[in-house]
Structures are given as C-alpha cells and as structure tokens.
Amino acid sequence: MHLLGPWLLLLVLEYLAFSDSSKWAFEHPETLYAWEGACVWIPCTYRALDRDLESFILFHNPEYNKNTSKFDGTRLYESTKDGKVPSEQKRVQFLGDKNKNCTLSIHPVHVNDSGQLGLRMESKTAKWMERIHLNVSERPFPPHIQLPPEIQESQEVTLTCLLNFSCYGYPIQLQWLLEGVPMRQAAVTSTSLTIKSVFTRSELKFSPQWSHHGKIVTCQLQDADGKFLSNDTVQLNVKHTPKLEIKVTPSDAIVREGESVTMTCEVSSSNPEYTTISWLKDGTSLKKQNTLMLNLHEVTKDQSGKYCCQVSNDVGPGRSAEVFLQVQYAPEPSTVQILHSPAVEGSQVEFLCMSLANPLPTNYTWYHNGKEMQGRTEEKVHIPKILPWHAGTYSCVAENILGTGQRGPGAELDVQYPPKKVTTVIQNPTPIREGDTVTLSCNYNSSNPSVTRYEWKPHGAWEEPSLGVLKIQNVGWGNTTIACAACNSWCSWASPVALNVQYAPRDVRVRKIKPLSEIHSGNSVSLQCDFSSSHPKEVQFFWEKNGRLLGKESRLNFDSISPEDAGSYSCWVNNSIGQTASKAWTLEVLYAPRRLRVSMSPGDQVMEGKSATLTCESDANPPVSHYTWFDWNNQSLPYHSQKLRLEPVKVQHSGAYWCQGTNSVGKGHSPLSTLTVYYSPETIGRRVAVGFGSCLAILILAICGLKLQRRWKRTQSQQGLQENSSGQSFFVRNKKVRRAPLSEGPHSLGCYNPMMEDGISYTTLRFPETNIPRTGDAETSEMQSPPPDCDDTVTYSVLHKRQMGDYENVIPDFSEDEGIHYSELIQFGVGERPQAQENVDYVILKH
C-alpha cells in the first residue's frame, strides 16, 4: 500500500503536467552560450490558450518546493499585474509581451549566471515553468572552423567559421588568416538570432593550390575594436598530384658517346603519397625504369632526346619538365650523294657529303678519283657546268670537334655528253612585235649519240613544221624566253633565247591622285595616267577630254577645278610600237546651283484665263534638291518644286519672279523675270461695249437737249415778237483750255466707266419792275402794257460734257473743258410791276 502511494502521486503529477502542457507551447534555443561581460539575447515565443497572462517570473536555477507547491530560486525578473519589479542589477530586460513574445536580454552576463533559467508563466486558468540552459564561460570561447570533406588543388572550396553566440548589444567580428596573414579573399559574415538557433557565421571561398598543403588557417574572434578574443586553427590538407623536378648529372645534359648520365626525379610534394614512377623519352615510356633515378651507362647517340619523369598518386599523374639530353659523337663514315646523275655535259651537278655527327661537322675533305680536291671544304660541292673530265669516283671525309670520320665508299659520276653547243636561233628579223609570227631553229655542233629528237620549253600550242624548227603564230607580249634541247640519250638544252617581244603600253588607266574624296568646285585635282608595262619603255602621254587634246604629261593637274572641267577624260600612252588608250574616266565636279533662270511657258506674255508655267532652270551637281520661289516683293511663295504652275492665270499675277535652288554643296538664285498678263478679247469686248453704250447714251441725251433748247428758244422768240417786246439772245462758248494730260501711273490699269457725268446748268435772272419805256421800240408800243403776271427773266444755261477716254486704261491725248453756253435776255414791256425781290434761281440738269 505504501509502495502504491508514490507511484500514484507521480501519475497525478504527470497528468497535471500533461494537462498544463497542452495549454502552453514554447519555442526558443535549447542552450545559449556567452562569456563573462558579454550579453545574452534569448529569442522566445509562446502560445497559451488563455492569453490573459497575469504574471511572468524569470528564475535562476529554480527548484520546486513540494511543501509550498511553488518554485524557489533567484528571481532575476518579475512582472505582475501590480507592476514590474526589476532585479538588483537591472540587467534583465523582458522584450516580449503578454500575447506571444517572451524574448529576454541579460546584459552584462556573468559566469555565475550559468545554469538553468526558468520562465514561470501564470494565467487565470493555468501555470507553466519553461526551462532554458545558459552556459557562461570565464573567457570568450573559440569559434569552430568547418572544412569540406576533401580539398583538391585548383578547386574552389568554402571554409566556414561558426560561433554559437550573437547578441545585439555586443558586436563581434570574425577574421580569417593564413599562416598568420589576413587572407585576401572577401568573407561573408551572417548572424542568426531566431528561436531555432543563435550564432555568428563567416564563410570564405577560395581556390587552394598545392602550395597551401599543410598551411595553418585561423579564424579569429575579435570585438568591435578588433581586439583579439579567441581563435580556432586548422591545417589544410590539399590533395594534389606529385610535383616533380629532374636533376641531371652533368647539369647541362651534354655528354659524349660512351659517358654516363644520371637523372634524378625529385618529388617536392605529393598528397597523398605517390604510388607509381615511370620515365619517358620523346613521349614514349621507357621499360623497366620505375625508380626515381635513371642511370644511363655508356650512352650512345641513339639515347639523345627529351626525358621526363611521371609520378602518380590517387589524385592523378604529375609530370616534370622535359630535359634534353645531347649525346655528342665523332662523324660516322661518310657517303656521297650525287644530284642530277647521270650528268650531261654542260649541265650542273651537286655533290652532298652525308655523315651523322653531334655536334654537326664543321669541315669536309673531298676526293676525286682518290685525289683531294683543293678548296672544297663545304658539305656541298656544286659544279655548274659538267665537262667530260669531271667523270669519276667522288668521296668525302667529315670532321667535328670530337674527331675525324672515315671515308666511306665513293659515288661514281658518269658523264655522257649530250649534243654540244646547242643553240636556239631566231630566224625573224628583229625587233619582234606583238602579233608577229616567229620562227626558231635548234642548232648544235656535235652530238654523241646522234640527235633523235628536239624539245622546246616552255611548252605551248606551237607548230613544228620540221625537225628542229619551231613556229609561233601571233606571238604574245612580254619577255618570253624559248629554249631548245637536242636529245640523244639525254637532252642538251641550249641557253634560253629571249624573244624580247615589243608591245604597246598595257593596262592604261586614269587614276585620281587627289583629292581622295569627292571633288568640289575649287579643289585642287590631280589625275595620273598609269600603265602596267611597256616595251620599249620610252613612252609618251596624251590627255584627251571629250575628243580634245589637253596635255602631254603623265599627270594632269587642276589648281582650281571648275564645273566646266567636268567630263570624260582619257589618256593615251604610246611608244614606238603603238599606242593604248585608257577607258574613259568621268570627272565629276560637285558645285552649288548656278546660272539659274526662270523660263516661262508659253512665254512671258500670257492672256488671262490661260495657264502659265514658270520653270527654275539651273546648272548644279548634284542636282537641285530644294527650290524656293519669290515674287517681285521678295516674298517667298508656298511652292518648292522646280515648276511653278499658274492656272488659270490672272491679271494680278503680272509681275517679276525669281527662284532659289539648293543642293548639298550650296545655293544660288536667278535674276528677276517679268510675267505680263493681258486682257482676253472677251474682257476687252465687254468693256468696249459698256464704254460705247455710255458714250452713245450721252450723245443722244445731248442731241435731245439741244433740240429741246432750240425749240424753246424759237418759242420764246416768237412770243417776244408777238408781244413787241425787246429781247436779246446770245450764245457764249467757252474758250478751250489745253490741260496737261493725266499722269500715267504704274497702276493705270482698269475698266471703262460709262457713268461719268455730263451736266447742263440753268440760271434764271429776275429784274425788278420798271415803268420807264425803252427808246427805239415804237414798233412794239402797243405791247407796252404787259400782263401783270409776267416777270422779266434772264435764262442762262451751260451744257458741259466731261472729256474722258473710252477705257480707264486709255488716256486721251489732252483733256479740256468744253461747254456750250446759251443765254437769253428778254425785256418785257414797260409798265407797272409789282415790287419783287431780286433773286437768281439755279437749275442743274444732270444726265
């Protein structure tokens, strides 16, 4: 029964713990590391079903008290509803909240802080104690260097330096060193302050070489000021192929035949250790040579060559630099090689002495039929012209610094002479000109054996009309050489004969010397007449432009080129054989527009209503690309083509026009050209009709007026005679006054106006009444008592016609005021007249 008690209590506690743990969930690093004087940053998060957190207590090494059912220990931090109670040192800061963040910071941290930190969390419904391990050392603990499993030379690797520490309030840095010297490669440093891990890491990438093998790499922990705190070191294990060097005895690797040579393959470094050794000569492996030392006893000349050693390990083979071994020996027995054998008399023969030796022979001795040939000490003996006495046995002896070789078997020279004194004869008279037919014959003095055939060179499609005769039709130009050979068993070639064909100059062409670019008007221009060859070489030059001879020099110069110099040029080169002309070469001169003028179609006088085309003609190269038109007021017209078309043309278009042309070189403008637009017959007819009608109407009115006036006068005259009254009538005609013609202005153009005014003016004079009788009027005395309603009047009239031309643009020769003045004075009978005011009435009749 007593045994069941503790187990039952344990089960109850486990159940309670399990029930509480289901309500709480924490995440934080399991263990945190620091050192005396540093700080600790504890990232922490939690999740509780009851988020109403009432208190938070941070214990150091907490222990559960069964009696009080509470935890005992040093309280580093406490937070309750009543407020915060800071620790004595005020080192602990709670950086979280009452929701999910339980992050803490201890700064500074001490060694006695090591142990367990207990986070006591209490809510209304649950409690929980979360434990965190803290490890604080007296001194800064070293970082840890992590290397890849294997490092090979020239392969990039990453070195990692890891420190299980990071705190926001305590900055640190990690420094890489190689053999105590800071490494040049840039390292990448990163930190982690998460609920999973807290660390500072530095990664360094570099490509190790075999020389780095065994070197010490250090990762040094420093504070913010660069002060050393701790470090970690590792030794690099760089896998590499064997590194080799050959040592030769003698050191210059030059020995004489029969001497010994020792070559030692020194392995300066190999990781891992080498396993196989081999030697190579000229790239081929030497058999049974698998040690680091190669001994060559009594070397021969065949052992000369390039030697190297090859040593392999698990990484691969390593090969040393090549050593060239030279084995020196005296010349071996000589042999003679005869070139061009058998030899023909007159030909050339070359003898070559061949003997193997190292170093090469420096002196040779030649023998002819056992007799030393004086002055022949070279490797080759050349006889330019073999004669019959040159036949026989030839041998030689070679010599170098090691000794003199032996004379080998001789070589026999068999001289069989071909036909002697073979000559090629040109049958034609000289000189030979291009296109001639040339006949050559092959002659000789003697031959043994007899001549059986002839050969010619060079070969061509030539004709051999007979044995030993060659005929060349239409011989070509150039320094052609012909040689013939008279052949028996061998051929004997005659000395080549140059046909020396003369020809006219060839490949004549015109070449521009300057300028190198486009030719503009005013440039200095030089043309060169070139040709490839001429025979004879004495030549003359002629320049021609458009069929006209210009000069007789090889170069044609223009100090200041003008557009008139443009054209087709060709040059002629002649010698005593003939002349050759070049292809026509066009000289193009670029210049601004010039000689501009305005041409008018159909002419400079155009009837209104028709069409008129103004064309801006110019001389330019390149052609005009832009035209501008201007009127007589120098106003630019909105036309930019070469032709200005006016359709239909009007009288208002009359005036002066000019144009301006522009190209890539410059611009130019034309002089003024006047366009006159005159009236059409229809317009003139209409205006003449209107003018004639107006004049006719005025004339009719004037005639009618005169007739009416005369009738009125007769009527008044008759009434006066009947009334025995005295009256006087008279006409007054104005004196014609010559006036200066109207000035003709520049714009005296217009239409006839038929409505010009003619005027007839009337005037009436009234006299006061009088009873004084007139003397001399006895015949009319019975009429002296006029009726009381009659009054004395004088009627004065003027008929005035204004002189004017029929048309407004036709001015009369003179202008004058001409009028017919008619006046009639009537004196009525004497009698009592009523008092009346004297007055003058004017009447003006206009028509």
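Using N, Cα and C of the backbone, Cβ positions are placed for all residues, glycine too.
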From Cys487, Cys571, the residue that Swiss-Prot pairs with Cys529 through a disulfide is Cys571
Swiss-Prot record, motif 'ITIM motif 2', of the ranges 158-163, 350-355, 692-697, 794-799 the matching one is 794-799
From the list Cys219, Cys309, Swiss-Prot names as the disulphide partner of Cys265 the residue Cys309
Checking Asn574, Asn724 against Swiss-Prot, the one recorded as N-linked glycosylation site is Asn574
Of the ranges 16-21, 730-735, 760-765, the one Swiss-Prot annotates as motif 'ITIM motif 1' is 760-765
On average, residues of the topological domain 'Extracellular' (20-687) score a pLDDT of 88
Residues near Asn445 (N-linked glycosylation site) by Cβ (under 8 Å) yet at least 6 apart in sequence within the same chain, in sequence order, are Pro419, Lys420, Lys421, Val422
Cα-Cα, Asn428 (N-linked glycosylation site) versus Asn231 (N-linked glycosylation site), nearest Å, comes out at 108
Helix, strand and coil residue totals from DSSP for the domain 'Ig-like V-type' (20-138) stand at 5 helix, 70 strand, 44 coil
By a three-class reduction of DSSP, Asn164 (N-linked glycosylation site) is assigned coil
Counting every protein chain shown, other Cβ atoms within 10 Å of the Cβ of Asn101 (N-linked glycosylation site) number 13
Within 10 angstroms of the C-beta of Asn67 (N-linked glycosylation site), the count of other C-beta atoms across all shown chains comes to 5
By Cα geometry, the one of the glycosylation sites (Asn67, Asn101, Asn231, Asn574, Asn634) nearest Asn164 (N-linked glycosylation site) is Asn231
Among the glycosylation sites listed as Asn67, Asn231, Asn574, Asn634, the Cα nearest the Cα of Asn135 (N-linked glycosylation site) belongs to Asn231
